[in-house]
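First the structure, in the form of structure tokens, and then the observations on it.
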Amino acid sequence: IAATQPSTNWHLKENARDHHTSKFSSRELIVRRGQAFTVTFNGTEQPEQNLTFITETGPKPSKLAKTQATFGISSTVSKESWSAVLQSTSSNSVSISISSPPNAVIGRYKLSVQSTSSGGSSPASLGTFVLLFNPWSSGDDVFMPNKAECEEYVLEEFGIIFAGNKNHINSFGWNFGQFQGDILSICLSMLDRSLNYRQDPATDVSHRNDPKYLGRVLSAMVNANDDQGVLLGNWSGNYEGGKSPSSWTGSGEILQNWKKSGFKPVRYGQCWVFAAVLTTVLRCLGIPTRTITNFSSAHDADGNLRVDEFYDASGNHLDRAADSIWNFHVWNESWFSRSDLGPSYSGWQVLDATPQEESGGIYQCGPASRNAIKEGDVDLDYDCPFVFAEVNADCMYWNYDPATGKKTLIFSKSTVIGQFISTKAVGRDDRVDVTNDYKYEEGSPKERDIFKKARKKLGLEDKFDPTAPTPQEIDQKPDISGKFKVAGPLEVGKDLNLILVLANLQSDVKTVHVNMTAWSTVYTRRPIHEIWKDSISVTLSPKEEKQFPIKILYTEYQQQLTTDNTIQVTALCHVEGGIQVLVQRDITLDNPAIDIQVLGEAKVNKEVDVEVIFTNPIDVEVMNCVLQVEGNDLLRGILEIDVPPLKASEKSSTKFKLIPFETGPKHLLVHFSCDKFADIKTFKMVNVID
């Protein structure tokens, strides 16, 4: 080999097209494992059969750890190891096709070439390239046979996240942006900042061929607990010193901020932010991933498959239990095989980056096989009992007297938890319900059998639990029933109108004393501020039903509302001579609408005007209005526009220009906030043509 540095042609365009990596905006070669790529280099004067290639990754490359490989030119591609096949030669350059094994370690590699004949000359570097997982290759652990699913779960940069509550599902767009700027480099440096890497870099890198290993490590790195990871969680309702979790519209800004600050945790995240960032990182590395929303999600802190909630005599929801039932919770599913468990547990795996409970001493969760959850196989790795409880736990509602410490069971329910489990459809902006993939039909004998099987595997069947209600308590029957009905719009800025409906189930007269409260909450149903309270006494004739209208004024709740726009209304009914009845409803208020119009056709590299229209729906002026816009291939970075204050009922129109730089269906995300409305979000699909 000549003493001069060989020059390398990485055939960036052709290789990227063949490897589904064209969306990365990088001048470095990015390819997928288990598939050939072409490299041409010059400066070699040796016959090509005398060339040896070396690929290496990580701080201590070694053949034993599979982080280094040495290979000559061969006539065929090897399935088991790295190999090179000659494509063509000219007087001073050589084109070769290099293939990696389908289970190669992913990450940034150095490629060098050495001549074998001239006796121990030092290898010449050809440069670096990045190797990723390959869901298009049947030999890969992440192989996904359905091409449309590969497109959605690896290549799609726009997502829809479902939120709200089980009575009222809403959704918002998210810009995953896994191919933006230096996101890939940030994802690779995230791996090098994990606890595992810090403790033993060489061993950590040698495990990076395994999606279940990387999924678990990254579920820890996306939260700041333990390892100075990406996002600091905050569920207090007070987000001073950072951005409120509801104000983010994409992962790019969060990951860039983390890097820019010298890898200090970004403030603040809540479950969908953790899940969205993990989706970005895993899609970027080539592991098919999606976000999943579970409505009425249990956080079972003590592992007894039971969630306890406590209320005082006035009907206030007491924030005293480690257990809780969230209006919704968002986690991830990633697609890969489970050689450790067997083929029936392959497919979608649950990962959760929200720091809820420690696993193995740190805040990480998964991968838990979704099939294992459905079948109640909670003894399998990793964290199946916690995920099983999120979708299956039984609920116990207690009356608690703080003075005496005495608690009395009000009622228990086994059908509340885990409803309308949702994800975005493949190739469409719609919701798909995947509840049946997590459990058998609620209330069916099969579902109860699986629940018993899980309890048994966790050793809960044989253990006496002094905190559990007695069978007598569980079997007691209430004399009355109650529910809250919505009577009118559920919108921020309007009064909240409800009807409490009480019905006497018995054939004698009942007297009921009702204590009612309304609290603003965060989406985890943690009470933040009392908004309203009232009490009434009611006489119900035999089998009689009565309705009691309730009005909570906008002026009463406006100051107390959190950015989640959630209110919990409770009525604790003390029935004379009978057991207490708890009536409750979680209400999510909708923000006013915001409208986007694209004025004209969107064409590549041509300016197009966009108009955003917002009407102030309340009878006071709104101030500090800011519009934020982002969208891959439509504009770079985030556009921020200050909007003048709006008087009562006034309509504002804000115009700006886009210059799209890619064709196809693109999504524009718009976020509007002001002093009276936090985080109004909407998105619009823009079809960009040539």
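Glycine too: its Cβ is placed from the backbone N, Cα and C atoms.
What TrEMBL says about this protein:
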type: DOMAIN; residues: 263-355; note: domain 'Transglutaminase-like'
type: ACT_SITE; residues: Cys271; note: active site
type: ACT_SITE; residues: His329; note: active site
type: ACT_SITE; residues: Asp352; note: active site
type: BINDING; residues: Asn392, Asp394, Glu442, Glu447; note: Ca(2+) binding site
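Using Cα positions, the member of the active-site residues Cys271, His329, Asp352 nearest to Glu447 (Ca(2+) binding site) is identified as His329.
Every protein chain considered, the tally of other Cβ atoms within 10 Å of the Cβ of His329 (active site) stands at 27. Asp394 (Ca(2+) binding site) sits 22 Å from Cys271 (active site), counting Cα to Cα. The residues near the Ca(2+) site, meaning same-chain residues not in Asn392, Asp394, Glu442, Glu447 whose C-beta sits within 8 angstroms of the mean position of the site's C-beta atoms, are Val391, Ser414, Thr415, Ile417, Gly418, Lys439, Gly443, Arg448, Phe451, in sequence order. Across the domain 'Transglutaminase-like' (263-355), DSSP helix (H, G, I), strand (E, B) and coil residues number 18 helix, 41 strand, 34 coil. Cα to Cα, Asp352 (active site) and Asn392 (Ca(2+) binding site) are separated by 17 Å. With all protein chains in the displayed structure included, the most crowded Cβ environment within 10 Å among the recorded positions Cys271, Asn392, Glu447 is that of Cys271. Within the group of recorded positions (Asp352, Asp394, Glu442), the Cβ with the highest number of other Cβ atoms inside 10 Å belongs to Asp352. For the pair Glu442 (Ca(2+) binding site) and Cys271 (active site), the Cα-Cα distance reads 25 Å. On the backbone, the CA of Asn392 (Ca(2+) binding site) and the CA of Cys271 (active site) stand 19 Å apart. A separation of roughly 6 Å, to the nearest angstrom, links the Cα atoms of His329 (active site) and Cys271 (active site). If you take every residue in the domain 'Transglutaminase-like' (263-355) and average the pLDDT, you get 96.
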